[in-house]
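Database features (Swiss-Prot):
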ACT_SITE  Y124  active site, proton donor/acceptor
BINDING   N290, Q380, R386, N416, K487, E515, N518  (E)-cinnamate binding site
COMPBIAS  1-20  compositional bias 'Polar residues'
MOD_RES   S230  2,3-didehydroalanine (Ser)
REGION    1-47  region 'Disordered'
Amino acid sequence: MTILSGTTAAPRVNGTTMNGHSKPHTNGVHLNGHAPKATTESPWPQSEEKTLLDKFVEAYYEFESYKSGQTVKVDGKTLSLAGVVAAARHHAKISLDDSASIKDKVVKSRKVIADKVASGASVYGLSTGFGGSADTRTDQPLSLGHALLQHQHVGVLPSSSQPLDVLPLSDPMSATSMPEAWVRAAMLIRMNSLIRGHSGVRWELIEKIAEIFDANITPVVPLRSSISASGDLSPLSYIAGTVVGNPSIRVFDGPAAFGAREMVPSAKALASHGIDPLPLASKEPLGILNGTAFSAAVGALALNEAVHFAMLAQVCTAMGTEALVGTRLSFEPFIHATCRPHPGQIEAARNIYNLLEGTTFASVHHEEVHIAEDQGTLRQDRYPLRTSPQFLGPQLEDILHAYVSVTQECNSTTDNPLIDGETGEIHHGGNFQAMAVTNAMEKTRLALHHIGKLLFAQCTELVNPAMNNGLPPSLAATDPSLNYHTKGIDIATAAYVSELGYLANPVSTHIQSAEMHNQAVNSLALISARATVNSLDVLSLLISSYLYILCQALDLRALQMEFVKGVEEIIREELSLLFASVVSPAELEALTSKVLSAAQTSLDTSGSMDAPARMKKMASTTTIPLFDFLTELTLPDAISSGIAMVSIPSFRSHLASRATALLDQLRRDYLSGQRGAAPASPYLNKTRMVYEFVRLTLGVKMHGSENYARFAKGLGVEDETIGQNISRIHEAIRDGKMQAITVAMFA
């Protein structure tokens with residue numbers, strides 16, 4: 001708390017201190033740009049393990065290298081989640097590692113299978129039935145492969161892409177088939193598994209899948225039907241069906257367009273690209289199907305987004321601390337690195353602490369005051385800000401563990417049986433059981449809910465005038481009787497976080513015995529990954545809504561900084577004009593302090609009033625301190641006393657009218673753009689990047705110009721809807737543009 005005149009706590013108006021003797025500053029950084037020399041020694045401990053932030057930044061720069069032309073290498077051991085995203089969603093080129101050591105493993109494992117077939121040995125998947133029917137025998141391995149694909153092509157898909165006679169309850173394609181990005185990611189991951197040389201397939205098969213992938217031919221794969229037990233059998237069968245050119249298997253082909261591309265039979269698509277179908281040899285149908293590629297694919301794509309959202313949550317928390325004029329002290333190293341050194345908690349605290357470096361709005365030091373000086377004042381921030389490292393930290397740890405686990409899954413052999421090409425041994429196991437992915441997705445989805453819950457709590461505090469340290473109700477930039485700006489967002493975010501809570505429920509507790517009780521336990525990994533994508537969809541809505549609110553709140557804080565300074569100047573001018581002739585300079589300063597305190601108290605409790613009535617009320621509250629102060633003074637004569645008393649009504653009138661005019665002028669200047677498109681920028685430091693990205697790059701303006709004009713031109717003529725502005729932020733989050741900004745903030 002800033003001290004006025006050495007002894008008296010300076011009043012605050014709308015969460016901002018009225019103190020004309022000094023410029024606002026924090027962390028030793030003044031608005032005039034001068035700052036003390038920075039120390040090079042970090043107060044935070046150095047970790048030998050990579051943090052989630054490390055993974056996030058590394059993945060971003062790796063992803064950028066793929067966008068610049070570097071190929072995603074398929075070698076069975078180095079495929080990253082960034083590589084999966086780049087190839088699946090952004091059409092980065094892939095390259096098979098055809099080095100002698102890699103190809104030799106594939107060739108050797110294939111020779112083991114060929115030798116077993118030639119010798120007539122009984123081997124699972126070569127001469128036996130599948131799963132619970134493994135007690136059957138056949139000496140026709142090629143027909144056995146056809147039978148495998150046939151019984152797995154059970155997905156329910158639209159029979160036509162033509163318009164329907166009856167409007168559907170839900171979109172026929174999205175309700176039944178996977179997005180192309182999921183399928184492309186699965187193709188890539190399956191190639192990466194097969195190239196490890198443990199599945200007994202030919203090199204030509206891996207090349208054929210790569211050729212189809214490069215041609216941007218994407219199988220139409222059913223959204224449902226996998227329990228991720230013996231791998232994602234049915235979804236992967238559609239990739240196998242495309243490889244062989246099954247005319248009943250359809251694919252997406254043709255130029256990209258808004259919405260789905262053209263659906264055509266796989267044989268037609270292959271022919272149009274000059275690609276010959278590849279008949280599958282013995283064991284190869286099983287080699288394609290028996291794996292976790294779809295679970296790992298959707299999990300990888302989901303985690304890429306989840307890591308970004310976890311970083312954005314910390315950015316939002318830093319901005320929320322500024323918008324609520326909170327304190328950086330909640331994130332001090334002593335609290336987290338010394339007293340409770342959980343890795344995730346330390347990471348979250350360090351990141352938020354660093355983001356608040358150089359802030360103007362948040363306090364950076366603690367000043368002790370006497371009990372009498374801070375009656376009714378919170379000595380610490382509320383839980384959503386103060387305990388955010390403790391709340392976010394475990395989520396960062398869980399997402400990091402999931403990230404590592406799914407990365408490992410993308411570089412594993414998930415097949416059965418497994419072939420050791422060096423010894424000729426065939427191993428029967430269960431690497432297709434995708435519980436590693438399930439656990440990763442369950443903890444990620446729960447973490448996403450907790451992140452959403454924290455941001456929702458911050459958001460509701462920010463729009464509530466009883467908790468937001470002097471901001472107007474619903475962050476209305478104009479008179480609140482005709483401006484309910486964020487009320488709809490407040491309701492919407494409650495819907496979002498409620499849905500996140502529902503989605504956070506575990507999927508794996510619903511496992512059912514399947515396939516003649518052979519798959520008595522299964523992972524449901526793909527279902528869990530799909531649910532996690534749904535959570536990401538919802539959380540992205542909440543984050544974009546909160547970012548929109550944060551930018552509005554920061555603009556209002558900037559406006560109030562000017563308003564507070566102006567009100568103080570008005571009070572000083574009017575008091576000097578009316579009372580300087582009857583009181584001493586020291587007495588005038590003491591009187592000014594009491595009047596400022598009364599003005600602050602009034603403004604902090606009258607935010608729901610329109611400006612004229614609010615300023616009139618503020619002015620009226622100065623009567624008692626003025627009267628009490630003047631009656632306690634020993635004035636030189638009755639004339640002086642009379643002058644002082646009759647001047648009180650004039651002071652009130654002038655203060656109310658001038659403060660009303662000042663607030664109106666500031667509102668007009670801010671909403672019309674006269675203060676610039678990003679008026680809060682001078683008050684921000686590291687968080688300025690995301691604020692200016694929203695305001696300048698995305699063109700999301702401060703809200704309230706329609707309200708200021710009393711809707712003279714109607715709705716939507718001068719301003720887009722609130723939802724349209726939030727949609728711009730949402731699109732930037734989902735298409736990767738915001739990710740670049742987030743990385744730059746932490747770099």
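Just so it is clear, glycine is given a Cβ too, placed from its N, Cα and C backbone atoms.
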Exercise. How big is the gap, in Å, between the Cα of N518 ((E)-cinnamate binding site) and that of the residue listed as '2,3-didehydroalanine (Ser)', rounded to a whole number?
Worked result: 10
Problem set entry | Whole-number Å value of the largest CA-CA distance among N290, Q380, R386, N416, K487, E515, N518, listed as (E)-cinnamate-binding | 58
Seminar exercise, completed: Note: in the chain of Q380 ((E)-cinnamate binding site), residues six or more apart in sequence with C-beta under 8 angstroms of its C-beta are T327, S330, R386
For this session: Check the Cα-Cα distances from Y124 (active site, proton donor/acceptor) to the recorded positions S230, N290, N416, K487, E515 and tell me which is shortest.
Result: N416
Problem set entry | Helix, strand or coil at K487 ((E)-cinnamate binding site) [DSSP, three-state] | helix
For this session: Whole-number Å only: compute the distance from the Cα of K487 ((E)-cinnamate binding site) to the Cα of S230 (2,3-didehydroalanine (Ser)).
Result: 49
Problem set entry | Distance [Cα-Cα, Å, rounded] between N416 ((E)-cinnamate binding site) and S230 (2,3-didehydroalanine (Ser)) | 8
Exercise. In angstrom units, rounded to an integer, how far apart are the Cα atoms of S230 (2,3-didehydroalanine (Ser)) and N290 ((E)-cinnamate binding site)?
Worked result: 6
Exercise. What same-chain residues, at least 6 away in sequence, bring their CB to under 8 Å of the CB of E515 ((E)-cinnamate binding site)?
Worked result: G131, G132, A229, S230
Problem set entry | Cβ-Cβ distance under 8 Å to N290 ((E)-cinnamate binding site), same chain, at least six residues away | G125, S230, G231, L233, T414, D415, N416, F432
Seminar exercise, completed: Here the 10 Å Cβ neighbour count for S230 (2,3-didehydroalanine (Ser)) comes out at 26
For this session: Return the residue, from the listed binding-site residues R386, K487, with the maximum count of other C-beta atoms within 10 angstroms of its C-beta.
Result: R386
Exercise. So how many other Cβ atoms are close to Y124 (active site, proton donor/acceptor), meaning within 10 Å of its Cβ?
Worked result: 16
Exercise. Judged by the number of other CB atoms within 10 angstroms, which among N416, N518 is the least packed of the binding-site residues?
Worked result: N518
